[in-house]
Amino acid sequence: MIHIELSKWSHVTVLACMDARLDPAQFLGIELGSAHVIRNAGGRAADALRSIIISQQLLGTREIVVVHHTDCGMLTFSDMGLKAKLRKELDQDVDHMAFLTFGDLEQSVRDDVAFLKKSPLVLDVPITGLSTMSSLARSTRLTFRWTEGLR
């Protein structure tokens, strides 16, 4: 049996984009070791579900923060476009895959919060959705707008 020691502060899961220009722990003021930070393309909840379940069930997290940002690459292409590219360049059928692209930043946060709230595999915990409102290209100072509150 594996035993993992937890600090008293490690009860939050942060889901954010894998964009190398931002460090969610840094801009949220989270100290190293005080939260589980899950990153993937676009910070999408469906893609992170396995990790969120493990974080809650085995590591005791009791709050989730979903963060999406402006200038995200996921806003620049479509599922259909990427699937066509992969079929052409790799000669592979990827119609069964969802790349979880989005065209509206705030709606993507709402969708991910709703996905987590509706999932029977996610505990009934506070879930907060945030979207960055400043351009990462022009400034490192990030401001947030609440897009969803607690459940």
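Cβ atoms are placed via backbone N, Cα and C, with glycine included.
So that you can see what the record holds, here are the features copied from TrEMBL:
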BINDING   C17, D19, H69, C72  Zn(2+) binding site
Only counting partners 6 or more residues apart, tell me which same-chain residues put their Cβ under 8 Å from the Cβ of C72 (Zn(2+) binding site).
C17, D19, G42, L105
So for C17 (Zn(2+) binding site), how many other CB atoms are inside 10 Å of its CB?
22
Look at each of the binding-site residues, D19, H69, and point out the one with the fewest other Cβ atoms around it within 10 Å.
D19
